[in-house]
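Peer 1: To start, I am sharing the structure in question, which I have written as C-alpha cells.
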Amino acid sequence: MPKKNKFMNRGAAILSICFALFFFVILGRMAYIQITGKANGEVLATKATEQHEKKRTIEASRGSILDRKGKVIAEDTATYKLIAILDKKMTTDVKHPQHVVNKEKTAEALSKVINLDKADILDILNKDAKQVEFGSAGRDITYSQKQKIEKMKLPGISFLRDTKRYYPNGVFASNLIGYAEVDEETNEISGAMGLEKVLDKYLKERDGYVTYESDKSGWELPNSKNKITAPKNGDNVYLTIDQKIQTFLEDSMTKVAQKYNPKKIMAAVVDPKTGKVLAMGQRPSFDPNKRDVTNYYNDLISYAYEPGSTMKIFTLAAAMQENVFNANEKYKSGTFEVGGAPVKDHNNGVGWGPTTYHDGVLRSSNVAFAKLAKEKLGYDRLNQYLHKFNFYQKTGIDLPGEVSSKINFKYEFDKASTAYGQASAVTPIQQIQAATAIANDGKMMKPYVIDHIVDPDKDKTIYQNKPESAGTPISASTAKKVRDILGEVVTSKIGTGQAYKIEGFDVAGKTGTAQIAGKGGYLDGTDNYIFSFMGMAPKDDPELLIYVAVQQPQLKAGQSSSDPVSEIFNPTMKNSLHYLNIEPTEKSDSDKEETKAQTMPDLTDQTVAAAQKKAKEENLTPIVIGSDVAVKEQYPKADEEVLTNQKVFLKTGGKIKMPDMTGWSRREVLQYGELAGIHIEVSGQGYAVSQSVKKDKEIKDKTVIKVKFKNPD
C-alpha cells in the first residue's frame, strides 16, 4: 500500500509541474501580448481595425479622344450585366426579399425589355443555381433598359455595372485611333493599338477608394472617420482631326472601295500652313467597336513604295529653285538613254515628238524629268534637294509605326528614275510633308495629329502641341511658280490631271502612276499600279492639301485610272472647302446649294411644329423622335456646327414610331438609336437600304432594329 502511494505521489508531482509550466507559458504569452501588442508577428490593434475596416471603390473613367472641336471619337460608356439571385438564403427580411420570389411574373416582365422570350427566361430562372445570368441578352444592358427594369421592382433582379470603350463614329480613322480593350487579368481597359495604345499613360484612369469603419454586418459606423484616396480620371486627348472632314473622306473611300475593290486606299487631308492632319484614312479598315481588323498598320506612315509621278513635283521645284528649268526649251520626248538603259515615256516610249519642258510637265513625261536630273540639275544637286525635302528621314509624326524611306542613289539609272518617282521608295506622309513646302510658300511643315491634352479633374492643359517647321527647301517665289504649272496640269487639255477639276476652285496638283515591285521586276497588267494624286486648293493660297492613292483597283472597260482617285479627292476637297467657308474663286449657281457650315439653333422647349419650322428655315432636315408636343432634347446640341440639309433629331418623349431610314448614313442611324434609347444593329457600309421594322410602326422596348447598308453602284 505505501509503495502504491509512492508512485501516485510521483505522478501527481509530474502532473503538477506540467500544469505549472503550461500556466507560466500562457501567463508569459499574455504578458508579451499585453506589453508588445503583437501576436504571430502582427500588431493586434491593426488586425482588429482591419477586421472592421471596409473599402469602397470610387470609379474613374478612361480619358476620351476628341476631334479638334471637341466631338467625341472614343469614350468610356457604362453598360450593365443583368443577374438574378435564386438563393433563398440571401433574404434575411421577408418583407424585403433579395431573391427571385415569383419566377413567372419575373420572366413575363423581363421579356418585355430584353431580347429573350418568357419561356427562355423561365428556363434560366428554374436552374439549380444560386445566381444566374441571361447570356448575350443580359449583357451590354443600356442605362435606359436598366431604368425600365428597376421601375418594375422585381425581387432578386440586380445589375453589375461595367464599362466598355465606345467609338460612336464606327469606321473613322480607325488605323490611326486604334482601339482599347478589357484586360482579362486586371479587368481594366488598356490601349491595344494606335493612339489608344501609344497614349495609354495619359488616357489611363486610376480608381479612388473610401476606407471606413464598419460594424460586424459591414455597415458603415455613424462616426466613422473616412479615409479618401481620390480617383484620377484619364486625360482627354484632343486631335487635329476634324470630324466633318474625316467623314467626307471616309464616305468617299467607302464608295470607291465598294465600286472598284482595290487592294488598298490611302488618303489624308492636311492644313499645309500648320501641318495639322485634318483627316487620315485607309481601306481596308475596321470598326473599333467590333475590332474586325485585317490590317494593323497605318499605311500612310507604315507603307513605303515607289510613288510614281507625284515625285516629279519636287524635282520640278528643285530645277526651278536652281534656275535651270526653261519652260520653253524643247527636248526630244519618247525615250532617253541613261546608264545604258532606256527611260521611256508612259505612252510606251512613243512620246510627243520635240516638245517643251513646260508641256513635258503637263504630260508627265518621264524623259523630261530624267533629262532635268541628268543634264540640268545634275545628280548631286538633285540629291541635295532630296535631303532638303527630308526624303532621307522620317517625318517624326506623332504616330506609332512610321517607317523609313529607301532612296536608291547608287547607280545612274536609279538616280534618274528617282527624279520621276521610280527606283526609290517613300511613304505617303513623307510626300505630304514635302508638298507643304509647295503649298506654304516654301516653308515645309511637320505633320502632327495630337493637338493638346487636358487633365479633366483640374481642367488644365498639360500638353500643347504647336506647328513646327521642317525646313525651307525652296523660296516663296519658286513655290508659286510650281503651283502655277501644277494648276495647268489640272486645267490644260494636255494635262494629266483634268479629272481633278473642281467647279468654283482652282486646284493645283500632280497625278501619279506607280509600278508595283514584285519578284524579279514590276508586276504586269493594266491594274497592277498605285494610282495617286497630290492636290492643293485654292491654288494661289492653299488651305488644304490632299493626297489620295488607290492600289490595284479593278477597272472595267471604259473606266480610267483617275476615276477611283478623283472620286475620293474631288468630293472630299470640295465639301471640305465649303465646310471651312473658303470663298470659291468663281461663284456658280451650283455653289449656292453646296455644303455650308452653320450653327445649330436651340430648339428645346418649343412645340414640335415650331421647332420643325425653325429647322427648315435654317435649311436643316428635322427628324422627330416621340409623340409628345414639346421638344425635350436635340442632336446636335445648340451652337454646335451643322451642315446644310443635315438631319437633326428632336426628341419629345412618348411613343416612338419607326422612321424611313432609307438613304441614311450609318452615323445618322446610330445617332438616332442613341438618342431614342433603342437598340439598332447595323451591317454593311454606305447608306441604308433596308430596315427590319416598317415605317410608322411603334417601336417596343425590347425591339432590336436591324438596318442594312450598301454603297450605291
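Positions of Cβ are set from backbone N, Cα and C atoms, glycine also.
Pulled these from Swiss-Prot:
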- 1-10: topological domain 'Cytoplasmic' (TOPO_DOM)
- 11-28: transmembrane segment (TRANSMEM)
- 29-309: topological domain 'Extracellular' (TOPO_DOM)
- Ser309: active site, acyl-ester intermediate (ACT_SITE)
- 595-654: domain 'PASTA 1' (DOMAIN)
- 655-711: domain 'PASTA 2' (DOMAIN)
Peer 1: Have a look around Ser309 (active site, acyl-ester intermediate) and count the other CB atoms within 10 A of its CB, chains all included.
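Peer 2: That number is 26.
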Peer 1: Could you put numbers on the helix, strand and coil content of the domain 'PASTA 2' (655-711), residue by residue per DSSP?
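Peer 2: Summed over the domain 'PASTA 2' (655-711), the classes give 11 helix, 20 strand, 26 coil.
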Peer 1: Restricting attention to the domain 'PASTA 2' (655-711), give the mean pLDDT.
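Peer 2: Per the prediction, mean pLDDT sits at 83 for the domain 'PASTA 2' (655-711).
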Peer 1: When DSSP states are grouped into helix, strand and coil, how many residues of the domain 'PASTA 1' (595-654) land in each?
Peer 2: 10 helix, 24 strand, 26 coil
